[in-house]
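Asker: First the structure, then my questions, so here it is.
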Amino acid sequence: MKLTCVLIIAVLFLTACQLTTGEQKDHALRSTDKNSKLTRQCTPVGGYCSRHYHCCSNHCIKSIGRCVAH
């Protein structure tokens with residue numbers, strides 16, 4: 001009985017390790033996508049923006065849709 005429990009736990013542990021390894025491969029691809037987003041050029045002051053992280057200055061006034069200096 002104890003041996004059966006140990007074997008079941010070992011199989012579950014190994015299965016979990018394989019699933020984790022499989023997720024890491026996908027995570028590496030997502031990381032590459034994130035890095036490509038980080039290498040995009042930012043919008044200069046006065047340019048159009050919809051989010052603060054689009055602007056080189058990191059400041060966007062959404063009401064007018066323009067990047068501003070901070």
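Placement of Cβ uses the backbone N, Cα and C atoms for every residue, glycine included.
So Swiss-Prot says this about it:
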- Cys42-Cys56: disulfide bond (DISULFID)
- Cys49-Cys60: disulfide bond (DISULFID)
- Cys55-Cys67: disulfide bond (DISULFID)
- Gln41: pyrrolidone carboxylic acid (MOD_RES)
- 1-22: signal peptide (SIGNAL)
Asker: Starting from the Cβ of Cys49 (disulfide bond), draw a 10 Å sphere and report how many other Cβ atoms land inside it.
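Answerer: Around the Cβ of Cys49 (disulfide bond), 22 other Cβ atoms lie within 10 Å.
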Asker: Please report the Cα separation of Cys56 (disulfide bond) and Cys67 (disulfide bond) in Å, rounded to an integer.
Answerer: 8
Asker: Which number gives the other C-beta atoms within 10 angstroms of the C-beta of Cys60 (disulfide bond), all protein chains shown included?
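Answerer: I count 21 other Cβ atoms within 10 Å of it.
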Asker: Disulfide-bonded residues Cys49, Cys55, Cys67: which have a Cα within 10 Å of the residue listed as 'pyrrolidone carboxylic acid'?
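Answerer: Passing the 10 Å Cα cut: Cys55.
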Asker: Between Cys42 (disulfide bond) and Cys55 (disulfide bond), what C-alpha distance do you get in Å?
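Answerer: On Cα coordinates alone, these residues lie 5 Å apart.
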Asker: In Å, rounded, how far does the Cα of Cys60 (disulfide bond) sit from the Cα of Cys67 (disulfide bond)?
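Answerer: About 4 Å separates the two Cα atoms.
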Asker: DSSP on the residue listed as 'pyrrolidone carboxylic acid', three-state: which is it?
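Answerer: In the DSSP reduction, the residue listed as 'pyrrolidone carboxylic acid' maps to coil.
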Asker: Cys56, Cys67: which of these disulfide-bonded residues has the highest Cβ count within 10 Å of its own Cβ?
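Answerer: Max Cβ neighbours within 10 Å, all protein chains included: Cys67.
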Asker: Measure from the CA atom of Cys49 (disulfide bond) to the CA atom of Cys67 (disulfide bond) and give the result in Å, rounded to a whole number.
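Answerer: Between the alpha carbons of Cys67 (disulfide bond) and Cys49 (disulfide bond) there are 6 Å.
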Asker: Which residue among the disulfide-bonded residues Cys42, Cys55 has the fewest other Cβ atoms within 10 Å of its Cβ, if you could check?
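Answerer: Per-residue Cβ counts within 10 Å for the disulfide-bonded residues Cys42, Cys55 bottom out at Cys42.
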Asker: Can you tell me the three-state DSSP label for Cys67 (disulfide bond)?
Answerer: strand
